[in-house]
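Q: Structure incoming, see below.
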Amino acid sequence: MSSLSRELVFLILQFLDEEKFKDSVHRLEKESGFFFNTKYFDEKILAGEWDEVEKYLSGFTKVDDNRYSMKIFFEIRKQKYLEALDGKDKAKAVEILVQDLRVFSTYNEDLYKEITQLLTLQNFRENEQLSKYGDTKTARTIMLVELKKLIEANPLFRDKLTFPTLRSSRLRTLINQSLNWQHQLCKNPRPNPDIKTLFTDHTCTLPNGPLAPSSVNQPITTLTKPTVYPLGAHGPFPPNAAAAAAAANAGALASWMAAASGASAAQAAVVTPVLMPQPQIQVPILKRPRTPPATPGIVDYQNPDHELMKRLRPNPSVEEVTYPAPRQQGPWSLEDLPTKVALALHQVSTVTSMEFHPMQNTLLLVGTASGEITLWELGMRERLVSRPFKIWDMSNCSLQFQALIGKETPISVTRVAWSSDGNFIGVAYTKHLVHLYAFSGPNDLRQHTEIEAHVGAVNDLAFANPNRQQCVVTCGDDKLIKVWDVSGRKHFTFEGHDAPVYSICPHHKENIQFIFSTAIDGKIKAWLYDNMGSRVDYDAPGKWCTTMLYSADGTRLFSCGKSKDGDSFLVEWNESEGSIKRTYHGFQKKLAGVVQFDTSKNHFLAVGEDGQIKFWDMDNVNALTSTDAEGGLPALPHLRFNKEGNLLAVTTADNGFKILANPAGFRSLRPMETTASETMRTPVDSSVIKAVPGAPVASASCKVERGSPVRLPPMLNGVDPSKARIDDSTDKPKSWHLAEILEPSQCRQATLPDTAGSSPKVVRLLYTNSGAGILALGFNGIQRLWKWLRSEQNPSGKATATVVPQPWQPSSGLVMTNDVSGVNLEEAAPCIALSKNDSYVMSAAGGKISLFNMMTFKVMTTFMPPPPASTFLAFHPQDNNIIAIGMEDSTIHIYNVRVDEVKSKLKGHQKRITGLAFSTTLNILVSSGADAQICFWSIDTWEKRKSVAIQMPAGKAANGDTRVQFHVDQIRILAVHETQLAIFDASKMECIRQWIPQDSLSAPISSAVYACNSQLIYTAFRDGNIGVFDADSLRLRCRISPSAYLPQGNQGLSPLVVAAHPQEPNQFAVGLNDGSVKVIEPTEAEGKWGMVPPSEVIITSPSTTSNQTPEQLQR
């Protein structure tokens, strides 16, 4: 139901209430679900009318909608049950227990059993928890207070607890205004009309005999209950509402683009909900009756030159954003097109969406199939920020979405977008959600709002500014378009498409704001922000997925799409006629999938098709040129121009993207290693730069002659580029430096307190999944837990190096201690695994496996006694009852905790199991052993697919512990051995990259782990050094010396294990061989560990990229 219909319901509710139709009022409240009458609800609760209470609630929520709803229904039914017990009516109590309360047993079986046991008591107050239960009236009052809190917290009741502020008898007033307007339009108006019905429009009939013409100033007074206002005093609907109605039904773009200039503005003031602030628009009112037209009943309100339209057309607001007037385009050449490859960068998974910053031309936002978003500074060849997908607040999500997440459904990014001012980032996902981030600087990307926007995929997202308010427009598989403010409050829902909505294009002409939308059935619709339905209904060429875009100056409209048969269509629209103005040619093949396109300034169109980028001049239907970007593009690549049109980002088939540039684009991409002030103040001589041994350096050094002017990067403000020039021969990239942390002051660190005084060496280390605690397992089988609490210094309550946590123990004083009876601790291989919700931890230290409750530290159960002893543990990602257990005898047991049974026993290794990792994407289990072998197992059949030996350096034996961990893309694997770091592609079951200790990091590796976003690898070495590697290239970014975090004079102290924070990619913790644990982060000023090594990018120049001439490129 549209918002306008919703408002009509409120008017009817007010009318029914004023007329004392009480039962009808509450029935309409329930059936519409628009207003929850808390007063009525309170009355029924206190009266104990439980059937009516649940019946009324059912109009707004169901038992299983969310946890708040479940709690509401439970409290009501529990009170009903207790009252039956209190009244000694056990038969009724049993009936309530079986029919009403049983539904909750599925969620909490123990609670249901406890409630059932109340039947056995003479007085249920004998139960300790119910001992304070008083009389029925008091109990109902107490329960009502709790219910109100639950209702207010329940998102399903949001905006339903307050009745809108209305003048009394508002519906009658609107009818009076309508009648006054109808009477004013009568051809022969009578001074005192007699209106006997509202079922038909009012017209004054001709009286018998001659009628002396007279001026009509009296209002119609048929509905006498409200005060009747004189015509023009209270104000009827403005006459241009007729024009709005006509415009709404018009079939061409012209009728609402042109005619709505006057109509829509006044109309919006009348019908737009109060949720969206509207600018006040002064509309002149006719001060005398309108002269009847020559032809009765026909008034050309749609004509923008009509006198009434001229008078109603509002003056443009000085604050209204307008596009610049079309300017005369200067001459251009093929060199203006960004066709030459400048950079090639890699993501962790397939790139699904890209968007340049609206003002900073080298800042690129990228979304991927793994749900991760990354912000790249192309001039620096560096990832500034990366955020993996995660749900910010599960409690606000619907049960339907929670069920999807529970099934480990993969979630990808469908669209990333910047707000027009660059202050917000919007991210749409393939399941329900939209994330809004606040962006205030290169390293400052903050979570702002999480919106469960649609049911199913959110297919597109765009920012808009209706009435100068920052809003987000979304569309989805549920066939809806929705408008939200940046705080997540919904303003409009547009219904009308009969198929999932594929794309949206918000725009404005003069002061008219509107939205184009396209659905997968090929329908194009247009909407004003007024809840009056779509103004346009056209078929897109191809009648399938289509995207619409405007030229940079906002004057030309284009669309690009495909048919289901694979044909591509690129057209320009004639807005004034609603017809296709120009169809572009040059598509060769029928390809499955959706074609992508973009516009550059006001000159060019680019389309990704057939593994190429094809370019058109907007004024020429024939293709201008094309490029394959040196190969490696998918069949239908995504692409995006920056604002200046000198850079073009295009996706590649190997989970990355390339940046194409024209000469101006190449200049903008020169590395910006120093700030403008430093460059102008201190000339750099390459001879002074000393490279760190083993660190990669750029192939060209940066040598700036003393006194020579320096070219500043285009994105640095306040500098006139024409006054800062440099000769191209000296404009070379500067040498890359390895970041080295040598002093404690160069990083933030915290040593976790130990109340025991001296603790055994830490052999296993974990962050809790919430990121608020650290769990350490000592070689003696004792586990220690530290927790960070919320405070002024740490408002998030997450792990941080700036606040020291507290050791945590339950009030009972229990310690989580594993069974080590009869175990030789020096030979044991302690292992540990944590459940996804941090409720349970499973561990062993050579003896039986123990399952601990993380709140009470109690042992819930023990199983799998040796021999053989367990050596590694991993929870199945989709079922916490299934555990993969690596054993000392080289086997892997697939164990079901619930039935206490080994379901499968996997054999394939020669020595003990030292690592296990699941991939739900590939549906495999990967194992590693002390035999330096990696095995791949099918989760479905538990059969071994393949076994791969780690390539040992010359002279090294193929033995020693090997650990494995999946990348966030669930395809790549990090394998860690004391001799190397290796990256495997699990889909191909082969090694793709390897790093062997060398130079300043030549000691054996003790532990390594991916950062939470899998962009870094934290590696601990036995000599105390810690290396931070780029995960894609295995290039060293930063070295942390032992002197930076270990106390002076402690020879032999070194890290045995390293763990990465689950949400903060630049935080890690190390467990040392003296039992201590340290949390380490970069300084706030740095914010990260070093810079991306230069070998990750491919840098070319315009002169060497291609030898083709423009004539050879042109088709």
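Backbone N, Cα and C define each Cβ position, glycine as well.
Relevant sequence annotations retrieved from TrEMBL are reproduced here:
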COMPBIAS  1098-1115  compositional bias 'Polar residues'
DOMAIN    34-92  domain 'CTLH'
REGION    709-730  region 'Disordered'
REGION    1094-1115  region 'Disordered'
REPEAT    451-487  repeat 'WD'
REPEAT    595-626  repeat 'WD'
REPEAT    906-947  repeat 'WD'
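Map the listed features onto the structure and describe their local environment.
A: For the repeat 'WD' (451-487), the model's pLDDT averages out at 92.
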Q: Would you list the DSSP helix, strand and coil counts for the residues of the repeat 'WD' (906-947)?
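A: For the repeat 'WD' (906-947), the helix, strand and coil counts are 0 helix, 26 strand, 16 coil.
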Q: Excluding the flanking five residues on each side, which residues at least 6 beyond the ends of the repeat 'WD' (595-626) place their CB within less than 8 Å of a CB in that stretch?
A: 326, 329, 332, 334, 336-337, 339, 547, 549-553, 555-556, 558, 560-562, 568, 570, 572, 582-589, 633-641, 644-645, 648, 650-651, 660, 1110, 1113-1115
Q: How many of the residues that make up the repeat 'WD' (595-626) does DSSP mark as helix, as strand and as coil?
A: 0 helix, 21 strand, 11 coil
Q: I'd like the per-state residue tally for the domain 'CTLH' (34-92) from DSSP, helix first, then strand, then coil.
A: 41 helix, 0 strand, 18 coil
